[in-house]
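If you check Swiss-Prot, you get these features:
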- 12: active site, proton acceptor (ACT_SITE)
- 198: active site, proton donor (ACT_SITE)
- 78, 153, 174, 175: substrate binding site (BINDING)
């Protein structure tokens, strides 16, 4: 069994990389691939770079060349669910693009031509994430729709647009839908497990940059627990 793990930024993969044994590093097409073992599980850790194009390029190489049996997308996200606070975890049930619009041709908002409106996370991996969560005392999590776009959502106007078209959204970020679409086309199961670094409509004494290391720690701990359960 081989697990693909994807994070966009160095801060989002650093803790996982440090835990790897027998690690080998390959740089290709602007992406960095670390292959080795974490807690006895064979993994390939991808630092893809930020945004949907970078994520799609990296995920394609990961799936084609390393052929993992499953993909976990980790890192940070912006919270949209009112129950979320900084450091909480979100687990995807489905993933959608929030910045795609070909509704003029009869598609749903967020649906790309020739693609499903939503990319569904794997049920077994969602349940695995829930079991991992049970072993993390005090860690709050919400399960639901995660939306992706090539923009850092920080204006009230954009937040309102996303809420209008995707009323069940729990979090937004910048890579997951590209990863999900690539996994869908390769027929590889995936789940997104991210930690909240900022929350819409809630003031925080910490900036995104200040909280990112803590979000990375929370999401990495979830991945560690999931890998332990896979052994």
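Placement of Cβ uses the backbone N, Cα and C atoms for every residue, glycine included.
DSSP assigns residue 153 (substrate binding site) to coil, not to a helix or a strand. The two recorded residues, residue 78 (substrate binding site) and residue 198 (active site, proton donor), have Cα atoms 5 Å apart. Take the CB of residue 78 (substrate binding site) and look out to 10 A: across all protein chains shown you find 22 other CB atoms. Among the residues 78, 153, 174, 175 said to bind substrate, no two Cα atoms are farther apart than 13 Å. Between the candidate recorded positions, 12, 175, 198, the densest Cβ environment within 10 Å is the one around 175. Separation of the C-alpha atoms of the residue listed as 'active site, proton acceptor' and residue 175 (substrate binding site): 13 Å, rounded to the nearest whole number. Of the listed binding-site residues, namely 153, 174, the sparsest CB environment within 10 A is found at 153. In this structure, residue 174 (substrate binding site) belongs to neither helix nor strand by DSSP; it is coil. DSSP classifies residue 78 (substrate binding site) as strand under the three-state reduction.
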